[in-house]
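Written below as structure tokens is the structure these notes are about.
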Amino acid sequence: METLGYLMDGFGVALAPHNLMFALLGAFLGTLIGALPGLGPANGVAILIPLAFSLGLAPETALIMLTSVYAGAMYGGRISSILLNIPGDEPAMMTCLDGYPMAQKGKASEALAISAVASFVGSLIATIGLILLAPLLANFALTFGPAEYFALFLLAFATLGGITGKNPIKTVVAACIGLMIATVGIDNTGVPRYTFGVLELFEGVDFIIAIVGLFAISELLFFIEERAGGGKEKMKVNKLSLSWKDIREILPTSFRGGVLGFVAGVLPGAGASLGSFISYTLEKRVLGKKGYFGQGDPRGVAAPEAGNNAASSGALVPMLTLGVPGSGTTAVLLALLISLNITPGPLMFTQNADIVWGVIAALLIGNFLLLVLNIPLVGIFVKLLSVPPMYLLPIVTMVAFVGIYSISNTIFDLYFMVAFGVGGYVLRKLEIPLVPVILGLLLGPEMEKNLRHAMDISDGDWMILWDSGLAIGLWVFAGLGLILPYVVGPILRRRMRTPIEKGMPESD
Amino acid sequence: MTFNDRIFGVLMIVLAVAYGWAATQFPEPFGGAESVGPDTFPKLLAVVLALSSLYLIVRPDPDNAWPWNRTGIELIIAVVVLLLYALLLQPLGFIISTTLAVGTLCWRMGAPPMNAYITGAVSGVVVYFLFSFALDLALPLGLLSFLEMN
């Protein structure tokens, strides 16, 4: 009941006119970002963070806007999957399987509408799950001591690649690079570290600059290499003729997909890609011969869409309650929280209750907004698909420049951003994932602080790090997170990849 | 070919050693040594990075090809354009530098030059006015500052 009261307060925050306006703006921009080729959700949210800053938005407004962008991007990703057979991001892959055949049969607008409804159902289930689960998990997390937190951070890194990840050691290398960058600057004993006497480095490396550089600038360079070229040919979108019966038919599918997706989203190491994969395969099993999956079955569109949207809301659970994001996009949202001076984690539920519940309420509202936006406005988003990346990406880069410049008005930050962009390009070429680098940058200070507290408590005895049952459990899971990809990864990956060709943007 | 990971691994080991060595040179914090000083965490990182880089050298993944051709030159051009954009943002002002930077990038990515620079100019002007009027944030006008309304 307490939760319900908080949620009501949350609706009070989220329904304030200016918050509602920014939610709408965010939902629109998010769908746009998701639909545009070459701009994944993590990218989109990253570029918008500096703008949210320089606008001087209140913390809850900024968060509401960017959460809506996040939700919107997940909706938008399906548009290019269905119409162009090009998934906007990795979780949208499975939608191609039946979405594109549907579009080829001249049922593009039905496929779009069905996927919008399925996304809505998936997100709704997951948001309800979030409302029920988050306070419980937050309460539980209050029992964590510094040693448990240290182990939890390790777990976050270890599972970041996901059990479908390719080479976990590269995740470790990436995490180390991120953590190392995080140690630059004056530490909390007052000793300057790795500053080389450069004044700009004394305050440390601003992770927003790093994120925008790593995502946006490296994306530009990647596109140049792949010969961006002109826009893709547009699929004709027919007039929508969807009856209630069609919607009713996909509801059970969406429901199952939503529940599975939510679970996949909450669990460390699973994430949205696996969420949509599991939902699709399960649906295929459940329906068996009755379905015609792979040839444009509406349920084959609904299942993965419900799954990936549910997973992306589910991924907010560990981010909000533990301060440990499980995906690139939630890591970027965490960056926003930290830079707004809000410490994510269990205490946020008591200290910043209005913000947390405002965001959760905004997710619910954003969902309705997105459904309403998506069915009539789909034509606009479809038109945008034909914007050629050769015009789009330079403009996106310019927006990134403006955003970073407007935070501090210094040119030094821009050079830094370009440097991160080049670095990000090289790392991606080497198949070193970027998300652990960012997570390292974000969690580095907290991780060191917890290590220090743990050591202070134990008076320098390293055994404290695995002294409690909980801590041991976390260590074991972290270990599994690194070992499992070697064992089950290849099998799962093969099954996920077989139907689809490669070449996804880096993000999820 | 498995050169990329090997070379990267070697570079990372060099980084780990340099980083770890630098950590031993930190001055002792004011108030005496603690169980976890400023150097403990960096040393830990250096060890982990060195070990995982060693693994990369021993078991490298197959290489992705580097663009040692025209594309590589295009990439270098793009980076130079970005650096010049940053350098010239204040002296030339936002609108002019954006026209040049966005225009050049669009052009190099394959757009016809006219369209490219028009895109640059339009996007620059739109963003400038959006920022100064709707969002109330000042972007530098630079060469165009004589247009400024007082």
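Keep in mind that glycine also has a Cβ here, set from the backbone N, Cα and C atoms.
Values in this document were obtained by computation on a predicted structure and should not be read as measured data.
As recorded in TrEMBL, the features of this protein are as follows:
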type     : residues  : note
DOMAIN   : A:20-439  : domain 'DUF112'
TRANSMEM : A:20-39   : transmembrane segment
TRANSMEM : A:45-71   : transmembrane segment
TRANSMEM : A:111-134 : transmembrane segment
TRANSMEM : A:140-160 : transmembrane segment
TRANSMEM : A:172-192 : transmembrane segment
TRANSMEM : A:204-224 : transmembrane segment
TRANSMEM : A:258-282 : transmembrane segment
TRANSMEM : A:322-343 : transmembrane segment
TRANSMEM : A:355-382 : transmembrane segment
TRANSMEM : A:388-407 : transmembrane segment
TRANSMEM : A:414-443 : transmembrane segment
TRANSMEM : A:463-488 : transmembrane segment
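Looking at A:20-39, A:111-134, A:322-343, A:355-382, A:388-407, the range that has the most CB pairs within less than 8 A of the transmembrane segment (A:204-224) turns out to be A:388-407. Using a cut-off of 8 Å between Cβ atoms, the transmembrane segment (A:258-282) and the transmembrane segment (A:322-343) share at least three residue pairs, counting only pairs 6 or more apart in sequence.
Contacts between the transmembrane segment (A:355-382) and the transmembrane segment (A:414-443): absent, as fewer than 3 C-beta pairs lie under 8 angstroms at sequence separation of six or more. Residues 157, 160, 201-205, 207, 210, 427, 432-445, 447-449, 482 of the same chain sit 6 or more residues outside the transmembrane segment (A:172-192) yet have a Cβ under 8 Å from a Cβ within it.
The stretch from A:20-39, A:140-160, A:388-407, A:414-443, A:463-488 that makes the most Cβ contacts under 8 Å with the transmembrane segment (A:322-343) is A:414-443. Of the recorded ranges A:111-134, A:388-407, A:463-488, the transmembrane segment (A:20-39) has the largest number of C-beta contacts under 8 angstroms with A:388-407. Two recorded stretches are said to be in contact when at least 3 C-beta pairs lie under 8 angstroms, sequence spacing 6 or more; the transmembrane segment (A:45-71) and the transmembrane segment (A:388-407) meet this definition. Beyond the transmembrane segment (A:140-160), the same-chain residues lying 6 or more positions past its ends with a Cβ under 8 Å from any Cβ of the stretch are 168, 171-172, 175, 268-269, 318, 321-322, 324-326, 345-347, 433, 435-436, 439-440, 443, 446-447, 449-454, 457, 464-468, 470-471, 474-475, 477-482. Long-range contacts of the transmembrane segment (A:414-443) within the same chain: residues 42, 153, 156-157, 160-161, 165-167, 170-182, 205, 207, 209-218, 220-222, 324-325, 327-328, 331-332, 334-335, 338, 400-401, 404-405, 506-507, each at least 6 residues beyond the stretch ends and with a Cβ under 8 Å from a Cβ of the stretch.
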